[in-house]
Amino acid sequence: MFPPKPVNGRRKRLVGQPLLYSISVFASLGVFLFGYDQGVMSGLITGPQFQAFFDAPDAVELGTMVAVLEIGAFITSIAAGRVGDIIGRRMTLFAGAVLFTCGGAIQTFTNGFVVMVIGRIVSGFGVGLLSTIVPIYQSEVSPPNHRGALACMEFSGNVFGYLTSVWFDYFCSFMDSDMSWRVPLFMQCVIGAILAVGSLFMPESPRWLIDTDKDAAGMAVIVDLHGGDPEDPNAKAEFREIKDRVMFERQSGESRSYKQMWTRYKRRVLLAMSSQAFAQLNGINVISYYAPRVFEEAGWHGRDAILMTGINAIIYLLSTVPPWYLVDRWGRRAILLSGAVVMAISLMATGWWMWINIPQTPQAVVLCVIIFNAAFGFSWGPIPWLYPPEIMPLNVRAKGVSISTATNWAFNYIVGELTPILQEAIEWRLYCMHGVFCIISFFLVYFTYPETKGVPLEEMDAVFGEESIKPGFLEQYSEQVALVGQGSRHSLEEGVDDDENGFAIGDADEEEGGDGKQNGWANSRTHYPPARSNAHVGGYQAVYDEEEA
């Protein structure tokens, strides 16, 4: 792998693994935001200044302030699939960051309960877009053998956001004014603004570019991800595989509607939805949103409850690291199954210790909660964000992931709204109830979830026993097009433009930083590149050869 030569005097860009990991780290800011938002309220709602300002809110009001964010997230997560297909993954990420920043500002300068709820909903709009598009973007730029690890690193960003908010709450709790809760809320604006600006400098998903006929720009991104060498056979092969998939879906006449997705890919949609539903039903947000209340219920009080939450958050973050190395070795199923077992045991034990209520209960509950959080961070935390974009085909990936993410936020809201009520109504039985859901999730995964470890996204059909495209589909279909319309085919080497038939794509090249020259790949819904052609791709001179692909 060699770094790319400067094009038109521009500086060299990041390429290869440095680019891939830079994208992963920065995209993780998107999930850092909603991790921060999940944790920030948990430490604030027990603070004396917060309680005084909102006139000692009852359980329903607290549940609404915490969980109303999920209503906003639910709404935009449904729309995010369509939005992501229209404006692209990168601009959807930008829009989500802007909305989150605006919501954070409203919360910071709130003058009462109603304005706080409005601010939480607006932040939820941003979270819905981010939580949908970041996993899609991550999966579409990642190679198959590292896709799981990078997605797990992304989830670590979510937990790091949660940890940051908890400790920020703790240190701000020493302020003897409304600043003790306004400052942590203002940090949402700072982080959101950083992500909004940074997203403008990230490359677009190559799969979205190719799916929207910006082939030259898509190939340029693929070349950079593979190290910057336009002659790299792996880069050429990946381009052809993606283009094959796009053409196969178009030739088959498959609709991109939600109805068609549900009809054609019902099993995949249900699996994606179930993974996100049980990630919430397994009890994580009982801890994420209300950890200080859980610890107060167990015998810790005031600032000590927030401190225990902070210690738990540190171990929670550390637990997300092993999947980086294991998810592409053990596979998705093994991690989900093992996590469900440990989570069920620790939740049942939490309920039991609270029931017997002996002097050792506070310490025992902290230990059980830490074990539960660690097991979740290892398993049901990262995998439900990785699995849906893996199993959904390109033509409905954004819509499928949006449905699964909407499921997450729907159950997120239900759990967040009901937890303070159930803590008072059924007390210790609440934790046993979520333990039962963990047992159910074990059997669901064991009997219904196929393994996706190491499978390229374009070959996922075979995992589900469905018709898959054959290698060389691009060349075969190109020949069919040539036979139908000889007059539309021009020699690329002669430099003939054919805007009407879609061979001129200088606009896509220019958009992605190329030289704006006319390029040789087809840029229409009906005409496609020949088996062998020369093309200036994003400033590179590349040759795509049927034999090399």
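The chain as shown is numbered from 1 upward.
Using N, Cα and C of the backbone, Cβ positions are placed for all residues, glycine too.
Automatic prediction, not curation, is the source of TrEMBL annotations.
Note that the coordinates shown come from a computational prediction; the quantities given were computed from them, not determined experimentally.
Feature list (source: TrEMBL):
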COMPBIAS  494-513  compositional bias 'Acidic residues'
DOMAIN    23-453  domain 'Major facilitator superfamily (MFS) profile'
REGION    489-549  region 'Disordered'
TRANSMEM  19-36  transmembrane segment
TRANSMEM  62-80  transmembrane segment
TRANSMEM  92-109  transmembrane segment
TRANSMEM  115-137  transmembrane segment
TRANSMEM  149-168  transmembrane segment
TRANSMEM  180-201  transmembrane segment
TRANSMEM  269-291  transmembrane segment
TRANSMEM  306-327  transmembrane segment
TRANSMEM  334-358  transmembrane segment
TRANSMEM  364-387  transmembrane segment
TRANSMEM  430-449  transmembrane segment
Distant-in-sequence neighbours of the transmembrane segment (115-137), which means Cβ under 8 A and at least six residues beyond its ends: 27-28, 30-31, 33-34, 37, 54, 64-65, 68-81, 83-84, 89-90, 92-93, 95-108, 151, 154, 188, 192, 205, 385-386, 388-389, 397-398, 401-402, 405-406, 408-409
Selection from 19-36, 62-80, 334-358, the stretch that has most Cβ pairs under 8 A to the transmembrane segment (306-327): 334-358
Segment-segment contact (the transmembrane segment (180-201); the transmembrane segment (149-168)) at 3 or more Cβ pairs under 8 Å: yes
Whole-number mean of pLDDT values that fall within the domain 'Major facilitator superfamily (MFS) profile' (23-453): 89
